[in-house]
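Reading through the structure tokens given below for one structure.
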Amino acid sequence: MQNVLELTQRSPPTKELANDGAPLPPPHVRPSEDVLHDYDVNPTSGLSTARAAEFLAQNGPNQLKPPEAPSRLKIFFRQLTNAMNIILCAAVIVSLATTDYIAAGTIGLLIVLNVSVGYTQEWKAEKVLAALSTVGSPVATVVRHDALSKSREGKSLTIPSQEVVVGDIIIIKIGDIVPADARILTGHISNLECDESLLTGESLPVAKTSEPLEEADVPVGDRTNMVYSGSQVTKGRAKCVVTMTGMQTELGKIAEALEKKQSTTAEGWGYLRYRIKVSLGLADTTPLQIKLNKLAYGLLVVAIILALIVISSTGFRRIPPSIATYAVAAAVSLLPESLTAVTTLTLTVACRELAKRNALIRRMDAVETLGGVHNICSDKTGTITLGRMVVRKVWVPVDSAFVRQGSRASYDSTKGQTYLVESGTDPFYPRGTIRALPTDEVSPSASVEEDDSDDGLGEDIVRIDSLEPAFQELVHGASLNNMATLHKANKDSGWQANGDPTEIALQVFAHKAGRGKPHLTALRRRHHHHEPLVRMVSRASENVQARRSELQLARTHTAQSDGTSVPIIDGHYEMLVEHPFDSTVKRMSTVWEFIPENDNDGSADYDLVVYLKGAVERILDRCTHIGLGENRLPLTEGRKEEILRRMDSIAAEGLRVLCIAGKYIPNSLKGEVKAMPRDEIESNCCVLGLVGIYDPPRPESKGAVIEALRAGIVVRMLTGDHAATASSIARSVGILDDTHGPTAVMTGQEFDNLTDEQIDAIPELPVVLSRCSPETKTRMVDAIHRRGQKTVMTGDGVNDSPALKRADVGVAMGLNGSDVAKGASDIVLADDNFSTIVRAIRKGRAIFQNFTKALVYLLSGNVAEITVIMVGLAFRRNGVAVYPVAPVAALWINTIAAGPPGFALGVEPTGKDVMDVGPGAYQYIFTPSWYMDTIGYGIFMGAQTLANFIIVQYGTGNGTADIDPKCNDHFVGLQPGCEVVFRARATAFATLQLLLMAHALTCKHLTRSLFHMNLLDNTMLLWSAGCLALTTFPLVYIPAINDRVFQLSGDLTWQWGLIVAQLVLYFAAAEMYKLAKRLYYRRQSKAKTRRELEREAAAKQFHVAYTMDP
């Protein structure tokens, strides 16, 4: 596994050789011109189509190795060689050897059913997995030329990404998925940034350059002059030369390493034992399958012993065929033949239900494992959060958010005015509420007072038709100095955005304030005369403000309005100069000219405006004043410190803080501004305000976290973001609170510096791990396992695959996850939503409970049958026993009668209490309580069946004199002297079958009274139990079937009274037994020590799940 991790950090030396035969250095340490020379390619003309075709034929298509196609034969044999099916196959052979063809045929049909159900579900799951392929660009833009053309001029072609070859010149721009690993060309890059989180785990885009690096052995994420297959371009554009394709890319190397199957390190006899366990299904498979296989083998041993006991009743002298059949019936009666079908069908239904809720199950048994997990190790970005940046807070250095009687607010950097920007489930939705917080309150949860205005809107709500000028100036800067775009593809789809995540957030904010870039730059005219509300001008500003205060608004618009915004200004802006964001100076600037739409005005009457945005410290270094216009303040050192303190206050809430600034340039310099140096344009600016941006939690995340904590599950956030951001999000959704210890928050570096012994000594493992590497995630999984706990691990990138494989349940992201991560996972989330994981855990716990109920039902029925058959050995004459229930009848009850109710119990609706107990209750099925239920119910029902047989056989006839060995002969019908035996068998058969149908209703809840159950919430159980109960009558009364096949008589009258009496007795005994269990559990609860009660109460109150046993 360590080797897999290392693949994300470095590449092996290239196989290309220099002229002297020595390996060439990797491309990131060489000038791009040398790399072009290696492939003999020109960036303007690219490869020739002939050479590209030759390379494609030589190296193969540019794609990851597709997953191995599922083999139908392999799946079939895997299902056939299931432990229970192997045992049933042996039962078929024995039945054929004893000429019991009905038993052989019935068991054979069960095998076919088991194999068919399992085969169908696994084949569908494999096909779904093969279809989960999203990483990789479907098309790519390359430069190629025709070698036969005289000009050999290169042309940009759009081709399938599979056809990209080494040496191709590719063109990448914003929004593109990089099709292959490539070296960026010097002189052909413009403001390029790429999101490489799928490969490196780094959540922020990486700024790219074209300069060669000095060291060869640097992590993939630090190779800033390379772009990698599967990463996405978030900003800018570039030309690159392809250096690696297909499985030779960084993505392909990790995928290839993860395909190598991990085998045991045991040698000699240890390895032999391991291989035997694997062949028997006791190793290298899922926990549920191991449990069921152990159960099957244990029952097989007991079944053989019981069969030998039946045969031994003859003294081993002469074994009649009927006794051999009886022995087979005894063995088969102990085996829950329908268990495999019930298990597979139950998991299939659960998988389909989860698929409807966006959880695609790759490995069915993972659903059952989910129920017993103690931890959820989740990524933050896109899982707990929306995965989209939004503006949360805006700070403007003024003393008020509102204008009264024509006066604008005064600039004030001491407190300033804070605005809270609200966002919903769609971070790109360009409507929302902007609230002005009181000047002495900056908390997002601050209560705000409502006014009594006629429009019904609170006084704190910002109205987009009457923005405070200073706030409007900041909004204009956020809107215009921005390359992001918003659009809606159609009426039914949501809003979409293109561009850098930070710029998208600013553009959405500007739209919410009614000043989106399309509003400010679109050329249009009002249909009614209206004076401009605000213009950013240096001359005549006082007159403009006076006119603004006298306006009578025809309609009040708020940022919450969902209607189409009317144009805000009489004119539009046109961009003159753009200086893109540079990672060195960490700022971006643009110069704009206002073009009025009023024919009486000219653009020369309006100054040019410059807008800057970037890192706060870098922008403050370029500013000399606070605010635009006549009332601006000098930016003194004291005021600068005040702004920095405000930045720290906003950043402490986990927000990323940007500064927006601006200034005016006289229109007379319009002809010179394009030639002005960037440093001159970005000097002597004025601070407009600060903007706090973050990735907001999903609205449903907090509820899901609280539900998980209530269930005793520790939620851990493992993220690549900074500690402050991670802690803020963790607190907002309930992962982190004041009850946690000092080790609850750690950085990945701090965690990695600890030894395993030191980690094990920590009383509480961290619930927030920031700046987390792939190795950190794997160590966290190992640390949890060393504490004897199970965990879910989520991931989306290639780098997450080792941890996904190591976890008990690996969960990959379906929307933004890589193919490699999906291949390493057990569950794929179609919506990348944390709450879907909690829903899956709820279902997993329900499946665990349902399996417990179904196993109690099925195996208690087996115990009842065995009790009847084995005690029936005492009913003998002349050394030959006469069985109380015929072998075919026993097989009917064990398969046909028990199967449908067992399946109905397996699909019981999820109970309301499944999340009210800790994961310890979902670890083991075979508990003392389970054994007590199974054996107790089974023996009691067997005793009731035997009681009715004895009453009919010995209470009304001649007892032993009516027993004749010939009554065991099958297919001969009712013979003289067997009337009483056949009548007693009919009574026993009807009693046992009807008791099992009543038992199915009892097993609906193993402690709750039948009178407090909602029997109507599982109509399948009612229908299956009711219909099978009715089949008792035709089997008893239809001639030929009753006497020749089931060896019983339909001559029942008063015997039905005995059967009804036993049913009443069963319900009464079951209610008393459940009452005793409830009283016992209640007493156990009261007997808890004071420390345990206090600890449990604290866990429920603060939602804390302890990570270590005392």
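Cβ coordinates are placed from backbone N, Cα and C, and glycine is handled just like the others.
TrEMBL assigns the feature region 'Disordered' to one of the listed ranges (408-432, 433-457, 508-532), namely 433-457.
Here the transmembrane segment (854-875) sits apart from the transmembrane segment (1020-1041); fewer than 3 CB pairs are under 8 Å, leaving out pairs fewer than 6 apart in sequence. Listed as Cβ neighbours of the transmembrane segment (1020-1041) (distance under 8 Å, sequence separation of 6 or more from its ends, same chain) are residues 892, 896-897, 900-901, 903-905, 907-908, 973, 986, 989-990, 993-994, 997-998, 1000-1001, 1004, 1048, 1050, 1052.
When averaged over the domain 'Cation-transporting P-type ATPase N-terminal' (26-100), pLDDT in the model lands at 83.
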